[in-house]
Amino acid sequence: MTLRFVAASRLPTPWAVFTMHGFEDSETGKEHLALTLGELDNTEPVLARIHSECLTGDALFSLRCDCGFQLQEALKRIAAEGRGALFYLRQEGRGIGLLNKIRAYHLQDQGADTVEANEQLGFEADMRDYSMLPSMLEHLGIKSVRLMTNNPRKVNAFASYGIQVDERIPLTTGLNPYNADYLDTKANKLGHLMKPEDYKDN
Ligand SMILES: Nc1nc2c(ncn2[C@@H]2O[C@H](COP(=O)(O)OP(=O)(O)OP(=O)(O)O)[C@@H](O)[C@H]2O)c(=O)[nH]1
Ligand SMILES: [Zn+2]
């Protein structure tokens, strides 16, 4: 992993004016982002979100998943605290890429769940890699985080890089008739730390 910081700028949003930091992974050509707010390079754990790219949910208003809702909610919570970081990682479709995600959606349209669809295409259920994180965190001076996620793999990834996760904060939002089965599969098959009542009450 060779990650290079390229540039930073202001990014005004409806909730706060974030600073946007751009990084390039010269091995894969992927361009990753961090949106930050406030002073991060001190000992106070940083409210953080690791968000994997979901073009359909984040930009195209898709109701098939909860990604866009989680993205907004995370930015709102960081803005409310006035301090935090959102890492926007370009690992679309849990790492299989956009076009393969469309192939997976096609299989889901025919009855497969999100895990079965990946497997039918010859992929593991989750192909993501978080090895860009240590360099990004180091660049920003972040030493420990309060991580907004339901996914234990993300917590384990931090631990494996020796970065302290002070607290895991659940992020259950965005339930709708089109993503209820998807959320059930996350809870039942992908090991997400949430029970139906958690996302059904939000
Ligand atoms: N292969 C595949 N990827 C999907 C599907 N639905 C959503 N995704 C991808 O799943 C990823 C979801 O990312 P996150 O929201 O960061 O992670 P998460 O594992 O759901 O964990 P949380 O932190 O609890 O939200 C994105 O890369 C989406 O593009 C699907 O049906 N198939
Ligand atoms: Zn999504």
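Backbone N, Cα and C atoms are what each Cβ position is placed from, and that goes for glycine too.
Those TrEMBL annotations? Automatic predictions, nothing curated.
Residues annotated as domain 'GTP cyclohydrolase II' in TrEMBL: 8-170.
Under the heading GTP binding site, TrEMBL lists Arg49, Ile50, His51, Ser52, Glu53, Gln70, Glu92, Gly93, Arg94, Thr114, Thr149, Lys154. Secondary structure at His51 (GTP binding site), taken from DSSP and collapsed to helix, strand or coil, is strand.
The local packing around Cys67 (Zn(2+) binding site), expressed as other Cβ atoms within 10 Å of its Cβ over all shown chains, amounts to 20. Among the features that TrEMBL reports, Zn(2+) binding site is placed at Cys54, Cys65, Cys67.
In this structure, Asp126 (active site, proton acceptor) belongs to neither helix nor strand by DSSP; it is coil. The feature active site, proton acceptor is assigned by TrEMBL to Asp126.
The Cβ of Arg128 (active site, nucleophile) has Ser52, Leu89, Gln91, Arg94, Gly95, Arg153 as same-chain neighbours under 8 Å, each 6 or more residues away in sequence. Taken from TrEMBL, the feature active site, nucleophile covers Arg128.
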Proximal residue to His51 (GTP binding site) among recorded positions Cys65, Cys67, Asp126 (C-alpha distance): Cys67
Nearest-integer angstrom distance between the alpha carbons (Cα) of Cys54 (Zn(2+) binding site) and Glu92 (GTP binding site): 5
Candidate recorded positions Cys65, Cys67, Asp126, pick with smallest Cα gap to Glu53 (GTP binding site): Cys67
Env. residues of Zn(2+) site, Cβ within 8 Å of mean position of Cys54, Cys65, Cys67 Cβ: Thr56, Gly57, Asp58, Ser62, Arg64, Asp66, Gly68, Gln70
